[in-house]
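In what follows, a structure is listed as structure tokens, so that the remarks can point back to it.
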Amino acid sequence: MKFPILIINFKAYYEASGRRAVHIAKAAERVAKELGVNIAVAPNHLELALVAQSVEIPVYAQGADVESPGAHTAHVAVDNIKEAGASGLILNHSEAPLRLNEIAKLTARAKAAGLDVVICAPDPRTSLAAAALSPHAVAVEPPELIGTGRAVSKYKPETVVETVQLVGRHFPDVAVITGAGIESGEDVEAALKLGTRGVLLASAAVKAKDPYLKILELAKPLAAGPP
């Protein structure tokens, strides 16, 4: 997993379903190539294989079930995600929370499969517990700010700083990224200045009238180098 990184979560937005998911992913890929920055996209499971076949940038799954491949109707195993072409996995988003033992199992399976692992956490202490599982990154996201347009880097900078310091002190090999309410390039720049190594966001890019222009704006701070 390369840093700094911008991860775009498509969630289950209509704007990112079907061929629209490919359109947004290609816009992200175009920006990544033009600016020379790291961008990953996380489409819905239904679009995962389609997007992975359509772009060269990293494609992450939004989550996975703890079941192994087999007779588990409606479940999605880590192996299924790998076979679909994903290169990474997001775990424990506040909209898809998991128990700690589930996160541990999924992290181990995903890493064994060669997938990047990003574990979401709501606060510094939970981020520390997540970092102890040795993911590639933890994403601190106060749930009350998600989707509000109130960027964590502006409205709760102390949460970001404490997480960066806490995880960095105990698990320096685990990167800290952040998200929740990120809407602009200015928000991304502020997050990087707080010591994070990237940003996880969704609606700002997915629901934009022109995804390419919006992703370009959001990614420019990554191209500027260390703050």
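Cβ from N, Cα, C; glycine included.
From a predicted model like this one, the values you see are computed outputs, not experimental measurements.
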Co-listed substrate-binding residue [Swiss-Prot; alongside Asn9, Phe10, Lys11, Ile146, Ala202, Ser203] among Gly168, Gly181, Gly185, Gly225: Gly181
Conformational class of Asn9 (substrate binding site) under the three-state DSSP mapping: strand
Reduced DSSP assignment, Ser203 (substrate binding site): helix
Which listed residue (Lys11, His93) has most other Cβ within 10 Å, given these are recorded positions: His93
Cβ-Cβ distance under 8 Å to Phe10 (substrate binding site), same chain, at least six residues away: Ala16, Ala21, Ile24, Val41, Ala42, Pro43, Asn44, Glu47, Gln62, Ala202, Val206
Lowest local Cβ density among Asn9, Ile146, which the record lists as binding-site residues, within 10 Å: Ile146
All-chain count of other Cβ atoms within 10 Å of Ser203 (substrate binding site): 21
